[in-house]
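**Student:** Got a structure for you, questions after.
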Amino acid sequence: MTEQMTSGIELMFTGMGIVFLFLIMLVIAINIMSALVQRYFPDIPASKTVPGITADIDKSVVAAITAAVHQYRKKHN
Amino acid sequence: MTEQMTSGIELMFTGMGIVFLFLIMLVIAINIMSALVQRYFPDIPASKTVPGITADIDKSVVAAITAAVHQYRKKHN
Amino acid sequence: MTEQMTSGIELMFTGMGIVFLFLIMLVIAINIMSALVQRYFPDIPASKTVPGITADIDKSVVAAITAAVHQYRKKHN
Amino acid sequence: MENLISLWHSTGIYNFTGGQAFMMLVGFLLLFLAIKKGFEPLLLLPIGFGAILSNIPVAGIAEEGGILYYLYYGIKTGLFPLLIFMGVGAMTDFGPMLANPKTLLLGAAAQFGIFASLLGALALNAIPGLEFTLKDAAAIGIIGGADGPTAIYVASKLSPDLLGAIAVAAYSYMALVPLIQPPIMRALTTEDERKIEMQQLRVVGKTEKIVFPLMLLVICTLLLPSAAPLIGMFALGNLMNACGVVERLSQTAQNELINIVTIFLGLAVGSKLSAEAFLQVKTLGILALGAIAFSIGTAAGVIMAKIMNKFSSTPINPLIGAAGVSAVPMAARVVNKLGLESNPHNFLLMHAMGPNVAGVIGSAVAAGVLLSLVK
Amino acid sequence: MENLISLWHSTGIYNFTGGQAFMMLVGFLLLFLAIKKGFEPLLLLPIGFGAILSNIPVAGIAEEGGILYYLYYGIKTGLFPLLIFMGVGAMTDFGPMLANPKTLLLGAAAQFGIFASLLGALALNAIPGLEFTLKDAAAIGIIGGADGPTAIYVASKLSPDLLGAIAVAAYSYMALVPLIQPPIMRALTTEDERKIEMQQLRVVGKTEKIVFPLMLLVICTLLLPSAAPLIGMFALGNLMNACGVVERLSQTAQNELINIVTIFLGLAVGSKLSAEAFLQVKTLGILALGAIAFSIGTAAGVIMAKIMNKFSSTPINPLIGAAGVSAVPMAARVVNKLGLESNPHNFLLMHAMGPNVAGVIGSAVAAGVLLSLVK
Amino acid sequence: MENLISLWHSTGIYNFTGGQAFMMLVGFLLLFLAIKKGFEPLLLLPIGFGAILSNIPVAGIAEEGGILYYLYYGIKTGLFPLLIFMGVGAMTDFGPMLANPKTLLLGAAAQFGIFASLLGALALNAIPGLEFTLKDAAAIGIIGGADGPTAIYVASKLSPDLLGAIAVAAYSYMALVPLIQPPIMRALTTEDERKIEMQQLRVVGKTEKIVFPLMLLVICTLLLPSAAPLIGMFALGNLMNACGVVERLSQTAQNELINIVTIFLGLAVGSKLSAEAFLQVKTLGILALGAIAFSIGTAAGVIMAKIMNKFSSTPINPLIGAAGVSAVPMAARVVNKLGLESNPHNFLLMHAMGPNVAGVIGSAVAAGVLLSLVK
Ligand code: NA
Ligand code: NA
Ligand code: NA
C-alpha cells in the first residue's frame, strides 16, 4: 500500500472520529441547553403565522390577493 | 480623403455587412427553430397571468389591496 | 496646558463656529427657498397615502391581506 | 487663527475653478432634465448627481480614495454595464419578434446610424482643433445604438475619456426619441403607408422563447465572439426569465440587482464628467453626432421597412422601422402613437416591439464589430 | 497519531488566548444586548457576531484570506458607511425641519458634545498610560454625533485601530438614549417649560423637499467640501426619495442595498474588535467619553432650545433641543414621551423630528471639520 | 478586404477548438438538465451558462479583463460560498433537530461517504494516467457532503482546478438523490422497519433556537476552528432568522443577497469548466467517485439508524438515516416518500429534517477536518 493510501486511511479514521466527536458533543450540549432553557427560560412555543387570521381567509380570496399582488409588483417594479 | 476616412468607410461597409449577416442568419435560424419546435415540441401558449382570477377582482378591490400592500411594505421594511 | 490641549480648544471653537455658520446659512437658504418656491412654484401638498382608499379598508381586511401577502411571499421567494 | 486660514483654504469658495462650477451646473441641468422633464431619470439622476459630486473641489470624491473612484472599477471591468444588460435581458419579451422574425432586419438597418456618425466624427477632424481617433469615432458612433449599457460598455473599452459625454448623449437622446423621431418618420412615409394595418401576431410558445436566447448565443459565438460578453449576459437574463425554473434569480436580476447596479453605474459615469474631459469642443461634436446618429438610424429603419413592405407578402407599416434603433420601449411607443394618429384602429405597439428588441441585438452586434476591428 | 497531535494543535482549546476568550465574551454580550435588550440590533448583532468570528483562534477569519478581512475593504474605502448614509437619506423626511427651519440650530448646538469629548480625550492624556493623539481624540469625539455611519466613516479615516470600540460605543449609546437623556432633560427644564405646546407645522410641498437636498449639497460644497462625501451621499438618497421619479432606486437604497451593506458593515466593524485593539485602558476611556459626549450634546441642545424659546415669537419647548444629537428617531421619541408626561395633549414628535434630522447634518458637518483640520 | 480577413480571423468558426466546442455542449447539457429535468436549476443554470460563456473562443470572458474572471474572485476569497451558506443558515429551521437531538448522529454517520470516496480517489491512482494528490482526493471526497457551498468552498481552497467538475458533480448528484437513494434504502431495510412510525416531535421554543447557533459556534471554536468560517456564517444566518429582531437582514440574506450571489457563484464556477481542466480522465473519476460518495453516505446513514433503533427507547425508522447526507430538503422528501409507500400513515418528513440539517453541520465539520489536515 502506498504511503498516500496510508495517510488517506488515517485521515478517514481521524476525520470520522472528529465528525462523531463534534456531533456527540453537540447532542450533549443540546440536551443540557434544552433542559436548562425549558426549566429556567420557558417560552411560549414560537408560532410565526397567526392561524386565526389565516384560516378566516378562504382560498379564493387568497388567490385574488395573490393575483393583485402580482399586478402590483409588475406595476411597481 | 484621409487614410483614417478610408478605414472609416471600410468599417462602415464591413460593419453594416456583419450586422445584416448576423441578423439574417438569426431570421433563418428562428424560422427553422420555430418550425421544428411547433412541429415536434408544441406547447400550450404561455400565459403568465390567470385572466379568470384577475378579471374577477374589480378595480376598487385592487386599489384597496394595493394600499394594504403599501402599508404592509412600510411596516415590514 | 499642553500644546495639544491648546489646539484641541482651538479646534472646538473653530468646529462649533463652522457647525453654527453652516446651519445658520442653511436656515437662511431654506427660508429664502421656501418663500420662493411657495410663491413661484406652489404645489399641492404632497400626500403619499391616499386616505380615501386606506380609510375604507377596515383593520380586519388589512390583517387578512397582510397574512395573504405573507403567504404569497413565502411561496414566491 | 491658523485653523481659520487653513479652513478658509479648504472651503469650496476658495478652491472653486470655473470648470468645476460649470460642470456642477451641467450636473444640475441633468437632474432638472431627469426630475422635471422625465428624461430617463433612472440613469440621468445618478449621472447628474455623480457629475456634481465629482466636481466638488477639495473633496476628491472621484479621485483615489473617493467613493466614485472605487465605483468606477465596476465600469472599467465591464461588470456594471453587463449586469444591467443581464437585467434588461430578463425584462425583455422576445415573443413579438419571434412571431414575425423578418422584422429583425429593421433592427439591422437602424444600426446605420452608428456607422454614419462614426464617419461623421472622422469628418469633423477637418475642423481645426478637433481630433477624434478612430477609437473615439467608434465610441461616439455607438450612441446611435440607442442603448445605454452597450454605449457605456463600448466607450469604456475604446475611449474612456469620452465616456461621460457619450453616456449623457445616449441617455438624453433616448429620452428625446419622442421629439427626434416623429418628424423624420412623417417625412419619409405617406399618409397611406402610416395607415397600413398589420396582421395580428401569433402567440409564441414557451419552448421557442427558451431556445431563442441560446440560439442567439450560438450564432454570436460562431460569427462574432467579440459581441459575446454583451449578447451573452443579455441571453442569460432572457433565459432566466423565459425558462421559468429560476424565477427568484430572474426577479432579482430585474429588480434589486439592476437597481443597485444602476445607482452605482450612474454615479460612476458621472465621475467621468470632469471639466477637463467634458469642457472641450469634442463634447459639442459628440452631442451633434449623437443627434445625427439617432436621426439617420431612424431614417434607415423606416426606409428598410418601406423596402420590405414592397416585397413582403403580408403588409408592413413602414413606421415600425423607426423602432429598430432600440431605445426600448420609447421608440415602439412613438410608432404606436403615430400609427394611431393616422388610423385610430391601428395598434402598432406589438409590431414595433419586434424591431425594437431586434435593435438591441443589432447594436450589440455593431458593438462587437467595433470592439473587434477598431484597435 | 501524528494526525491526532496535529489536530489537537489546531483545536481552539489548545490555541485560545485569554484575550480572544474575553473578546468572544464581549461579542456574546453585544449579541445579548442586541437580541434581548433591543440595543440597535440591526448593527450590534452583526458587530457582535463579527467580534466572535474574528477572535476564533487559528481560523484567521479577520486576517488576510478570511472573509472579514475582505469585507473590511468596504469600510477602508468608505463605501459601506457612505452607502448606509445614502439609504438613511432616502428614509429621511425633511418635511418637519423645512416647516420650522430655525430648529436646525438645535442640531448645531448638540454637536458641542463632539468637541467637548474631544477635549476630554486630550485631557485624559494626563493619566499615565493613556495616550490619545489628536486624531484619536477627534475619532472619539465623533461618538457624540450619535450617528453610526458618520462615526464609522470618521474613525476609519482618522483612527482605524479604535474603530471597533468607537462603533460599539456609538451604537450602544444610541440604544441607551432613552436612559441617558431623560434625567438631563428634566434637570435642565422646568415643569412649565416641558408643558409648552408648539404650533402645528405647516405641510411642506414636494418641490421644497426636492430642492432642499440640492441646496444642502451646494452649501456644503461652498463652505466645507470635506463633508461632501457624507452630505453628498445623504443628499443623493434623500433626493431619490423626494423626487418621486426613481422610486425603484429609492426603494432599493432603503431596503435591500442598505440591508446587505449593514450585514457587511457590522461584520467588518466586528473584525476590528480584536483583543490587542480593544483590551486597553483606552477602551474604557472611549466608553466614558462617549457617555459624556451624549450627555453634553443633550444638555447643549436643551440649553440652546431654552435660549431660542426666550427670543422666538412662537413658543419652543426646550425638550426638543435634546433631539438635536440625532440618534434618529429614538431621541425624538424620548422628547415626545417626556412631553406627554408633563402634558398629555403635548405631542412633540413632529417638532422633535426637525432638530433630530438637523442633528444628522450637524454631525456630518462636524465630521467634515475634523476630517479637514485634524491631520 | 483586410477588415474582412481580420474579421474572419476573429470569428468563432475560425478559432473554435474541439475542446471548446465540447465544453459548450457540456454547458448546454447542464442547461437542459436544469431547465427540462429540474436538476438544481438555481445553480446548474448559471453554471451551465458560465461554462458556455467561458468556452466562447476569442471573447476571453473567463480570462483577465472578462466578467467571469472578476466574478471568480468571489470564490477565490471564499466570499460567495460563505454568503450562500449564511443565506442557507437563515432558511434553516433547527426545530426538528432540537426536538430529537440524537438524530444528529445520523448526520455524522452519513459523512462516511466523504472519506470513503477520498480513499477511492487515492485508490484510482493505481490506474495509469490518473494522478490525484491528497488535496485533490479531499476535494473530491467533499462531494459526498451533498452540500454545494461546502463543496465549492473546500475545492476552491484545496484543488481549484477540479472546482468545475466537483461543483457540477455535487449539484447533479443532489438533484439525482431521488434516483440514487431509494434502491440503497430499500436494500438495507426490511418492510417492517420502513413501517416504523415515530413519536411526534415536541415544539421547540424560540429561546432554544436562538441559543443553538451560538452553541454550535462555540463548540466549533473549541474543537475545530478550521470549520469556523463555514459554521460561523451558517450560524450567523440562522441566528439572524431565529432571533426575530433583525427580520429585514434575515429576509435580505435569504432572498436578494443569496439570489445575487447565486448568479455570480454559478457563473464563476462555470468559468472553471474549461476544456483543459474538464476534458481529462480525472473528470470521469470525479463523476464516478461522487456517485459512490452519495451511495456510501446514504448506506452509512441508514445503517447507523438501524443501530440506533436497536438501542433507542423510542422507535427510529431507519429510512431517516438516509437524510443524513444533507441534500436539504430533497433527501428528507425521499425518506418521506418511501415511508408513505410502506405505511400510508407514516409521515417522516419532520423526523427526516433533523438528520437532514445535521448533515449540513456534519459535512461542514468534515470540511474543517480536511482543510486543517490536508496540506
Ligand atoms: Na440599437
Ligand atoms: Na448628530
Ligand atoms: Na452533508
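Here the Cβ of each residue, glycine as well, is placed from N, Cα and C on the backbone.
Straight out of TrEMBL:
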TRANSMEM  D:12-35  transmembrane segment
TRANSMEM  D:42-61  transmembrane segment
TRANSMEM  D:67-91  transmembrane segment
TRANSMEM  D:103-125  transmembrane segment
TRANSMEM  D:162-180  transmembrane segment
TRANSMEM  D:210-236  transmembrane segment
TRANSMEM  D:257-278  transmembrane segment
TRANSMEM  D:284-304  transmembrane segment
TRANSMEM  D:316-335  transmembrane segment
TRANSMEM  D:355-374  transmembrane segment
**Student:** Under 8 Å, at least 3 Cβ pairs, sequence separation 6 or more: does that hold for the transmembrane segment (D:284-304) versus the transmembrane segment (D:162-180)?
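**Tutor:** Contact confirmed: at least 3 Cβ pairs fall under 8 Å.
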**Student:** May I ask which of the stretches D:103-125, D:162-180, D:257-278 has the most CB pairs under 8 A with the transmembrane segment (D:12-35)?
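**Tutor:** Stretch with maximum Cβ contacts: D:257-278.
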**Student:** Counting only residues 6 or more past its boundaries, what in the same chain has a CB within less than 8 Å of a CB in the transmembrane segment (D:162-180)?
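**Tutor:** For the transmembrane segment (D:162-180), the far contacts come to 30, 33, 37-40, 43-44, 47, 51, 75, 136, 139-140, 142-143, 145-148, 151-152, 155-156, 269-274, 277-278, 282-283, 286-287, 290-291, 293-295, 298, 325, 327, 330-331, 333-334, 337.
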**Student:** With the transmembrane segment (D:257-278) as the reference, find which of D:42-61, D:103-125, D:316-335, D:355-374 contributes the most Cβ pairs under 8 Å.
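**Tutor:** So the stretch in question is D:42-61.
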**Student:** Report the listed stretch (D:42-61, D:316-335, D:355-374) having the maximum count of Cβ pairs within less than 8 Å of the transmembrane segment (D:103-125).
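**Tutor:** The listed stretch sharing the most Cβ pairs with the transmembrane segment (D:103-125) is D:355-374.
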**Student:** Using a Cβ cut-off of under 8 Å, list the residues of the same chain at least 6 residues beyond the transmembrane segment (D:355-374) that approach it.
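**Tutor:** The answer is 88, 92-94, 96-97, 103-108, 110-111, 114-115, 118, 134-135, 138, 141-142, 144-147, 150, 153-154, 157-158, 216, 220, 224-228, 230-231, 234, 301, 305, 320-321, 323-329, 331-332.
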